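Below: one structure, written as C-alpha cells.
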Amino acid sequence: MAGNSMLWCSCYRSVGLGLLFSWLFVYSYSANEPLQSNTFTVSSFRYPQTEVKPYDLRYIRVDLPPWFSSVYVAVESDVDLDEKSISKVPKSQLPVICFRDGSPPLPDVLNSSSIQLGLFPLSNGSFPEFRGSQNVQCYPMQKNLTLKLTNEQISPGVWYLGLFNGIGPTRTQSKMIVRSPAYSFSANISVEGCRASTLWGQYCDQTVDLLSCSQSNSYNFTDNTPNENFQTSETGFSCKSFEASCHEESEPRVYSLEVVDLVEQLTIAATNFSINGSPSSNGLIANEVNLMYFVRHGAMPSVALHDYSGDLIKAPFVLRSPNVGRWFITVLPSNLSKEIGATEIAATKVCYSISWQVLGCPVGKAGLNCTSLRYMLQTNLRRDNSPFESYYLPVSEKLSPDSANFPLEPLSGNTSYGGEAEDSWSYFILNIPHGAAGGNIHIRLTSDAKISYELYARFGGMPSINNWDYYYAYKNRSSDGSMFFMLYDSSEQKVDFYILYVKEGTWAFGLRSLSASNSSSLGQTIMSISVERCPKRCSSHGECKVALDASGLTSYSFCSCDRTHGGLDCSVEVVSQQRHIWQSIALIASNAAAILPAYWSLRKKAFAEWVLFTSSGISSGLYHACDVGTRCVLSYNVLQFMDFWLSFMAVVSTFVYLATIDEAFKRTIHTVVAILTALMAITKATRSSNIILVIAIGTLGLLVGLLIEFSTKMRSFCIGMELCINMTSRWHNVKSWMNNLVKTILRRFRWGFVLVGFTALAMAAISWKLESSESYWIWHSIWHVSIYSSSFFFLCSKVDYGSSDPEGPVDTEYHLTRQSSFPRA
C-alpha cells in the first residue's frame with residue numbers, strides 16, 4: 001500500500017515537473033511575442049510542393065500540445081473538381097483528404113458513405129466532432145482548403161492528415177502502367193498555444209481552475225457516492241479546492257483535472273450549497289435550483305457539446321475507468337431567477353464546494369473492487385529489419401519467457417467482476433511506442449478445446465463489457481463491422497484478428513473468463529499479442545513496405561500486392577485466375593509481332609535493326625512475364641527499363657532507316673537517339689506524352705537523314721561557286737530542280753505501305769492513350785501488334801535501287817541538269 005502510494009505521488013509530481021519545464025520552454029520560446037496577447041505560435045510547418053501519383057498517399061503528422069489553442073491548416077492543390085464533376089470520378093481515381101485523431105487514416109477500409117461528397121467546400125463549420133478511436137473523416141480534395149480548428153472542437157495530441165490519389169482495393173495492386181492523373185499539393189500548418197495553463201478557448205480568454213490532487217485514505221463524499229463497492233486496498237486521490245465558489249446563473253465555472261494513469265473511477269461532487277453565502281438556503285436550493293455540470297474529455301464542454309451531463313445537487317458525477325488525459329467540467333447554475341417563496345431574488349448567486357476524487361488499484365490489481373488481476377506486457381523485439389515489430393509477454397513468475405505465446409489459465413483470476421459470479425477478468429497492459437502508430441496489433445487465441453474467453457480492448461482506459469473500442473465475444477458478436485478491426489479466424493478453437501493502425505500510447509486488454517463450470521475449461525488456451533507491420537504478411541500475395549510520414553516521426557507500413565490481388569492485406573482478388581491467364585497470354589504472346597520487322601531487317605541485311613527489333617520483342621515478353629507473376633529473369637526495374645527503352649529505339653530507328661545515308665552519319669544519329677530515349681525510359685517512362693516525343697524524334701531523325709543525303713547531292717551538283725550562283729540566279733533551273741526533288745521523294749517510297757504504316761502507328765497511339773488499370777491488358781496487347789506492324793510497313797515502304805545503281809534516278813536528274821546548264825556558262 002505504501003509503495004503504491006509513493007508511485008502515485010511520484011506520477012503526479014512527474015507530471016507537475018514536466019508541465020513546469022514545458023512552460024519554462026514556452027515562455028523562453030515566445031520571448032519576442034507581444035505581451036498583450038494570450039496566444040503565441042507553438043510551431044509552424046510548411047509542406048513543400050509535392051506530387052501525389054495515382055494510387056499514392058502522403059501522411060502529415062501534427063502534434064498539438066496540451067496548451068494549444070488553435071491549429072491552422074491551409075492546403076493548396078491543382079485538383080479541379082466541383083460537386084457535379086466529382087460524382088463522375090470513380091472512387092479508385094478520386095483525390096481524397098482524410099483526418100484522424102491518434103493514428104494515420106485508412107480510407108481503403110471505409111464505406112463510400114464515409115466520404116462526405118456533399119460537404120463542398122470543406123470549412124470550419126462543416127468539420128465534425130471526432131469521437132472515438134475509429135472515427136475518420138474523408139473529403140474530396142479541393143483546390144484551396146483552409147481550416148481553423150480550436151481546442152473547443154478537437155482534443156490535444158497527435159493528429160494525422162492523409163492525402164490519397166485514389167482509394168479502394170486496387171490502390172495496392174501492382175500495375176505495369178498507370179494512366180490516372182497525378183496532382184500536386186502544398187500545405188501550411190501553424191499551431192497556436194495559450195501562454196498560461198489556466199487559460200483556454202480559441203483566443204485563450206477563458207479561465208480554467210486547475211484542481212490539484214493529494215492522496216487520501218478516507219472519503220468524505222456525500223451519501224450518493226457509491227462507496228460500498230470499494231475496498232480498503234484501493235488508492236484514492238481527493239482533489240478539493242474552491243471551498244466557496246459562487247457564481248450567477250449566466251456565469252459558468254470551468255475546472256480541469258489531469259488523469260495520468262489507468263484508474264478505476266473518477267468522482268465529482270458538490271457540497272455546502274448556499275445562496276449568496278447564506279447556509280439557511282440549503283433546503284431551498286435542493287428543491288428549486290439546479291447546479292448543472294457538463295463533462296468532456298480533452299476539450300472544453302458546453303451545453304451543446306459534451307460527453308456527460310447532470311445535476312450536482314441531485315447526485316455526484318461518477319465515471320468508471322476514465323480515459324487518460326485532461327478532463328474538463330463546466331458548472332452552470334440554473335433556475336436562480338425563480339421565485340423562492342413569495343420574494344424574487346435579484347442578483348442571486350449559488351455557492352458550493354466542489355470535490356474531485358480519483359480511485360486506483362495497487363500494482364497487479366484492477367477492477368472496481370481491485371480483485372481482478374492486472375499484468376504489464378513486456379516488449380520483445382523481433383529479429384528482423386522491420387521497425388517496431390515485437391511480441392509481448394506478461395511480466396509474471398508463472399511464465400517462461402522462451403516463447404512468444406503464453407497460456408492463459410495460470411494468469412486468469414478466479415474472482416468475479418462487478419458482482420457477477422459467472423465470470424472473472426484479467427487485464428493486460430501494453431504501450432505502443434512513439435512513432436509506431438502505423439503498426440497493427442495482432443491477437444491470437446488457440447485452444448485444444450472450446451475457447452471460453454471474451455476479449456475487450458480499449459485505448460487509454462480500462463475496458464469493460466459496456467466500455468470498449470474493440471471486442472471479440474464469438475463469431476457473430478465482435479467488432480468485425482469496424483473499419484479498423486480485421487477478423488481472420490473465428491472458430492470454437494481459434495481466434496485470430498488485427499487492430500489496424502493503432503494509436504501510440506497505453507492499450508488495455510480485458511480478458512473475460514466465462515463460467516468455470518463449462519466443460520471447455522478442461523482445455524488449455526494459448527494467447528499471443530504482437531505488433532506487426534502488415535496484416536497477415538500481405539497474405540503471401542505481396543510485399544510489406546515501410547515508409548515515414550512528412551515529419552519523419554511516424555513509421556507506417558503498407559502492402560504492395562501482385563497483379564491479381566489488392567486491398568489492405570492483399571486478400572482481395574482483383575483479377576480472377578482464369579482472366580489472369582488470358583491477360584498473361586495476350587500481353588506476352590502479342591510481342592511475337594516483333595518477328596515481322598526483325599525478319600525484314602535480316603532479309604535486307606540491316607543487322608543493327610534486326611538486333612534491335614529482336615531484343616525489343618524478347619525484353620517486352622520477359623518484362624510482362626515478370627509482371628504477371630510467371631518468372632523474373634532479371635529485376636523488375638531492369639526489365640521495365642529495357643522494355644521501354646528498346647521500344648522507343650525501335651520506333652526511332654525505323655524512321656532513321658528510311659533515309660539513305662552513309663553508315664557514319666547513321667551511327668551518329670543512333671547514338672544521339674539512344675541517349676535521348678534512355679533518359680525518357682529512366683524518367684517517367686509511362687507518361688502518355690512519350691509517344692509524341694518518340695514520333696517527333698523519329699521524324700526529326702528522318703529529316704536530318706534526308707537533309708544530309710540531299711546536301712551531299714547538292715555538293716556534287718555545285719562544282720564551283722560561280723556555277724552555283726549562276727544556277728540559283730535562273731528561276732527555271734530552280735523550278736526544274738524542285739520538281740526533280742519531289743519526283744525523287746515520290747520514287748523513294750512505296751506510299752501504300754507508308755499509309756498503312758501511319759495507320760498502324762495511329763492505332764498504337766490510340767491504344768496507348770486508352771490504357772487504364774482495368775483495360776491495360778487488351779490495349780497494351782494491341783499496342784504491341786500495332787507498333788511492330790507499323791515498323792514493318794515503314795521498312796517495306798523503302799525502295800531499294802540495287803547495288804548496280806546505288807544513287808538511282810537522283811543522280812541522273814542531277815547529271816542532266818548540269819549538262820543543260822554548262823553551255824550557258
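Glycine residues also receive a Cβ, built from the backbone N, Cα and C atoms like all the rest.
Any TrEMBL annotation is an automated prediction that lacks curation.
Cross-referencing 596-613, 668-685 with TrEMBL places the feature transmembrane segment at 668-685.
Annotation: stretch 691-708 has the most Cβ pairs under 8 Å to the transmembrane segment (644-661), among 668-685, 691-708, 751-770, 776-796. Per-residue pLDDT, averaged over the domain 'EGF-like' (559-570), rounds to 89. A Cβ distance under 8 Å defines the sequence-distant neighbours of the transmembrane segment (776-796), meaning residues of its chain 6+ beyond its ends; these are 175-177, 582-583, 586-587, 590-591, 593-594, 596-597, 600-601, 604, 609, 613, 617, 620, 647, 650-651, 654-655, 657-658, 750, 753-754, 756-761, 763-764, 767-768, 770.
Long-range contacts of the domain 'EGF-like' (559-570) within the same chain, counting only residues at least 6 positions beyond its ends with a Cβ under 8 Å from a Cβ of the stretch, are 106, 108-109, 168-176, 486, 500, 534-536, 538-545, 576-577, 580, 627-629. Across the domain 'EGF-like' (559-570), DSSP helix (H, G, I), strand (E, B) and coil residues number 0 helix, 5 strand, 7 coil. Long-range Cβ contacts of the transmembrane segment (751-770) within its own chain (Cβ-Cβ under 8 Å, at least 6 residues beyond either end) map to 179, 688, 691-692, 695, 779-780, 782-783, 786-787, 789-794, 796-797. Tertiary proximity for the transmembrane segment (691-708) is limited to same-chain residues at least six positions away from its ends with a CB under 8 Å from its CB atoms, namely 648, 651-656, 658-661, 665-666, 669, 673, 676-677, 680, 761, 764-765, 768.
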